[in-house]
């Protein structure tokens with residue numbers, strides 16, 4: 001019988017920042033900043049970075065007790081949002097500009113965590129989740145989640161420029177490159193559309209790469225994040241919530257186990273259906289963000305009727321450099337998924353008239369005959385018969 005006591009140096013419990021991230025209090029990076037600022041307490045004492053806690057420890061953030069029982073009931077939720085131009089990626093803007101959180105559904109517990117950022121002039125795909133660990137893994141460079149953008153550049157683009165952007169150029173914060181560049185249809189004159197892929201989410205990286213070649217980016221839109229595509233069914237300024245299958249695929253990409261979703265009550269299902277119909281319509285002119293305009297009122301929750309599952313790909317995770325050598329080139333521009341729910345545009349009726357010759361005179365227009373309105377009182381009045 002071995003009477004040797006257990007090793008006292010074996011760590012007990014789980015790291016504090018990981019616990020709070022999993023409960024959806026914030027991303028792991030956010031929690032680490034809060035701990036460094038002294039905003040997190042454990043059992044009444046200021047917490048330290050890397051401190052381990054168990055289920056019996058009382059955790060407070062800014063004086064508010066984190067109720068783990070209520071937080072444990074929350075599930076992993078993910079939103080796909082089509083960000084319009086003019087919205088800033090912050091929760092509270094001191095200038096009163098619209099933010100990306102204004103139109104998201106309100107949560108009873110936890111909060112929405114944005115996966116990465118887009119600058120105010122960039123549109124397109126943004127992901128939100130209630131799982132801080134999922135958000136942290138999706139943003140971490142070690143998981144190599146590729147981002148694809150549609151970009152319109154102004155200026156003459158040469159093959160030498162494309163080669164330099166693929167091989168890598170030196171920016172202010174270090175070397176950067178595209179893993180793939182494909183020319184897209186559209187554009188006139190010196191305006192050209194391209195689809196390009198980057199393997200990290202550095203600040204304004206796509207714009208700075210094109211500008212390093214003396215080109216001007218006139219439009220920029222993110223169209224894909226890892227396996228998640230932005231389809232035309234999700235209109236600008238709208239969002240939809242991923243279903244269980246989509247969340248499982250996205251979670252497997254970063255090595256997380258699936259989390260089961262609870263059944264919806266009848267009242268919750270009816271509310272979701274109402275908001276689903278509401279989210280299906282495009283934004284009204286008064287709802288669109290504009291420069292210098294004050295923040296729009298918060299929209300209630302809802303989801304788009306159309307759902308699109310992300311394409312399944314091999315699972316990703318932190319890999320040693322030796323195993324990553326074969327993927328140094330990154331990923332190419334992905335093939336767009338078929339939008340089966342999209343209705344075909346009605347074809348315009350062809351004009352059967354013969355084409356006009358250069359010397360022909362324009363056809364004479366028929367005179368417009370103005371009809372006189374009926375005289376007042378002409379007709380059946382309520383409550384009377386003729």
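Even glycines carry a Cβ here, placed using N, Cα and C.
According to Swiss-Prot, the protein has these features:
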- 14-75: domain 'S4 RNA-binding' (DOMAIN)
- 119: active site, nucleophile (ACT_SITE)
- 260-386: region 'Disordered' (REGION)
- 267-276: compositional bias 'Basic and acidic residues' (COMPBIAS)
- 284-306: compositional bias 'Basic and acidic residues' (COMPBIAS)
- 307-321: compositional bias 'Low complexity' (COMPBIAS)
- 335-354: compositional bias 'Basic and acidic residues' (COMPBIAS)
- Message: Averaging the per-residue pLDDT over the domain 'S4 RNA-binding' (14-75), what integer do you get?
- Response: 81
- Mind tallying the domain 'S4 RNA-binding' (14-75) by DSSP state, helix then strand then coil? 22 helix, 14 strand, 26 coil
